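The next block holds one structure in the form of structure tokens; read it before the comments.
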Amino acid sequence: MKTLKNIGWYSLAFLSFLVVYSFIQGVGLAALIMGAPNYIAVPVYVLLAGIFTFVTYKWYKTGTVTIEKTALNKYIWLPALVWVLVIVVENFLPNDPSFNQQAINKLAQDQPLFTFFMAVVFAPLTEELTFRGMLARYVFPQQDNVKQTALFLLVSTVLFALVHFPTSPQQFLVYSALGLSMGLAYISKGGLAYSMGLHALNNLISFVMIMML
């Protein structure tokens, strides 16, 4: 019964990310499309997104997560290594951007300041809270063996990949591998700072590359 209740709470957190945060993004984009200047639209978006992130973080901190040391989180360098390998391998794969990536590419060209805050600042914060923090908080709060931690990584990885709307096996595998690196970062430190930092670095590099096109 408690497990079902916790899944329900996580579902609420997941839906709040999909609905509330998506609405906040939509407000900012709509303002820009209607001709609002950046100095109005961007601060409004940053304020609303900041409030959402703060509330979600305080919600996450209402509980505790226990993650025992296992082979999966023994080495602090492993998440970064996995991330680097993903970036290297991705460069040798056929160019197959997802619909999500294509939309970000276009938005970055049209609205670079808004895209920077959306992709480099708030995407890492909100996505890591949702797909690592809140998932562990409610569904996997007691990771006292390698099986529990592996299951957390699997669920976290799949959810992270699916929310980026992959339309091909290659896209799914790339997003899954990125999600795995960030999941490993979360369990290696038992907190969100490492995974958020890795996520932000990944998105920053992607943003810079888009702007250089």
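Backbone N, Cα and C atoms are what each Cβ position is placed from, and that goes for glycine too.
Feature list (source: TrEMBL):
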TRANSMEM  12-34  transmembrane segment
TRANSMEM  40-60  transmembrane segment
TRANSMEM  72-93  transmembrane segment
DOMAIN    111-205  domain 'CAAX prenyl protease 2/Lysostaphin resistance protein A-like'
TRANSMEM  113-131  transmembrane segment
TRANSMEM  151-172  transmembrane segment
TRANSMEM  192-212  transmembrane segment
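Only residues 6 or more beyond the boundaries of the transmembrane segment (113-131), in the same chain, are considered here, and those with a CB under 8 A from a CB of the stretch are 13-14, 17, 21, 25, 28-29, 32, 38, 41-42, 45-46, 49, 52-53, 56-57, 60, 104, 107, 156, 159-160, 163, 179, 182-183, 186, 192, 195-197, 199-200, 203-204, 206-207.
Beyond its flanks by at least six residues, the transmembrane segment (151-172) meets 14, 18, 72, 93-94, 96-101, 127, 131-132, 135-136, 139-140, 143, 178-180, 182-184, 186-187 of its own chain at Cβ-Cβ distances under 8 Å. Within the model, the domain 'CAAX prenyl protease 2/Lysostaphin resistance protein A-like' (111-205) shows a mean pLDDT value of 96, rounded to a whole number. With helix defined as DSSP H, G or I and strand as E or B, the domain 'CAAX prenyl protease 2/Lysostaphin resistance protein A-like' (111-205) counts 78 helix, 2 strand, 15 coil.
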